[in-house]
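S.K.: Handing you a structure now.
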Amino acid sequence: MQDGRTTLSKYLIDTLDRQPSPVAATGLSALLIDVAAAIKTISATLTKGALSGNYGSAQSVNTHGEEQKKLDVATNEIFVQHCEWDGLLAAMVSEEMDTVYTIPSTYPRGEYLLAFDPLDGSSNIDINGVVGSIFSVLRRTGDQEAPVSEADFLRPGHEQVAAGYAIYGPSTMLVLSVGNGTHGFTLERDVGNFVLTHSDIRIPEDTGEFAINASNERFWEPPVRRYVQECKDGRSGCRERDFNMRWIASMVAEVHRILMRGGVFLYPRDFRTPQMEGRLRLLYEANPMSFLVEQAGGVAITGRERIFDVAPRALHQRAPVILGSKNEVERIQRYHSEYDRGEDKPYTSPLFNKRSLFLPEAST
Ligand code: AHG
Ligand code: MN
Ligand code: MN
């Protein structure tokens, strides 16, 4: 299909409805068009900025104990309203809803399950920075007549049938996969169409760019400290090349950059979080982003295993996330296994190495 000429609807009809393929699924294209409608509405709301009257705190907290902004609540509502009526969904799960939202009995019920983060990177709202939305689609297994339960959503990432994100930047884009590559559509605002502009995105296998919130360094495990230190050492260190660092505090923006030009993103296990699960949520952040990254030739791991193989135990479960360019992510996985086997070279903190002020010879 031709970049710049193919609308989202045409792409979905051609891909899902006309071709007998493993990804073909009744109603999935219609569901994704409803998700895209929600994204267009969110995009229009965000474009108004403070004039929308939706700025500031909602004076409430979500299930993670995080303060909800008015826009977290409003964008959640937009997703629900655009997707609950169409007869394609059985239920939804969102970062901003504590429990499973079962489709009300006033609407027909379908076979799909939608998990979403309606506004990712919402701390960027106050600074007019880049934000996004993330979504994941599962097909419900088992008795379709039975009441929907949490267990319906607790499926590993490799069972997703579609996933995507919207990025609300200078332009609004929808990046999507139904299991046959990762494709990007740009919103033509005056017409209201998503137009295919980035077909079959491929993440370069090598990169010189990494993204991590370095303020958490003291909580990281040794393999992550080792990797980041080696990147920072640059040309004079064992990597013998310089690296660049970025941190936008919106996973959507980081993953988008990686899809466009490569890179590696880490929100790893750390000692701050219970069971060292990291910060990001498995069902509606880690899994859908892993789908898009893997479909673009990248790799997504927790550090020790493929994110797709993590068996979810809870709706709002967190997961460590390391994803992006294949060769860097595989190197980080190797550092984890070397550490677990006790075979890695000991990590030396820059504060305590040979140039450190803390060494006796430095103070003489
Ligand atoms: P959300 O706004 O949905 O809570 O997600 C923000 C997430 C993710 O997008 C980003 O990578 C990370 O939180 C930023 O976390 P820090 O503030 O710890 O850097
Ligand atoms: Mn998020
Ligand atoms: Mn969010």
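From the backbone N, Cα and C atoms, a Cβ is placed for every residue, glycine too.
Given the structure is predicted, the values throughout are model-derived calculations rather than measurements.
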S.K.: Per TrEMBL, what member of Glu285, Glu294, Glu305 joins Asp117, Asp120 in binding Mg(2+) 2 at one site?
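M.R.: Mg(2+) 2 site check in TrEMBL: besides Asp117, Asp120, the record includes Glu285 out of Glu285, Glu294, Glu305.
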S.K.: Enumerate the residues of the same chain, Glu95, Asp117, Leu119 excluded, that satisfy the criterion Cβ within 8 A of the mean position of the Cβ atoms of the recorded Mg(2+) 1 site; list them in sequence order.
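M.R.: Same chain, not in Glu95, Asp117, Leu119, Cβ within 8 Å: Asp72, Thr75, Asn76, Ser94, Glu96, Phe116, Pro118, Asp120, Ser122, Ser133, Ile134, Tyr284, Glu285.
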S.K.: Can you list which of the binding-site residues Leu119, Asp120, Ser122, Ser123, Glu285 have their Cβ under 6 Å from some atom of ligand 2?
M.R.: Asp120, Glu285
S.K.: Other than Asp117, Asp120, Glu285, which residues of the chain come within 8 Å of the Mg(2+) 2 site, judged by Cβ distance to the Cβ centroid of those residues?
M.R.: Glu95, Phe116, Gly121, Gly132, Ser133, Ile134, Tyr165, Met251, Val252, Leu280, Arg281, Tyr284
S.K.: How many Å separate the Cα atoms of Asp117 (Mg(2+) 1 binding site) and Glu285 (Mg(2+) 2 binding site)?
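M.R.: Computed Cα spacing between Asp117 (Mg(2+) 1 binding site) and Glu285 (Mg(2+) 2 binding site) is 7 Å.
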S.K.: Which chain-mates of Asn213 (substrate binding site) that are at least 6 residues away have a CB under 8 A from its CB, listed by sequence?
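M.R.: Trp247, Ala249, Tyr267 - these are the non-local Cβ neighbours of Asn213 (substrate binding site), listed in sequence order.
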S.K.: Should Asp117 (Mg(2+) 1 binding site) be counted as helix, strand, or coil on the basis of DSSP?
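M.R.: The three-state answer is strand.
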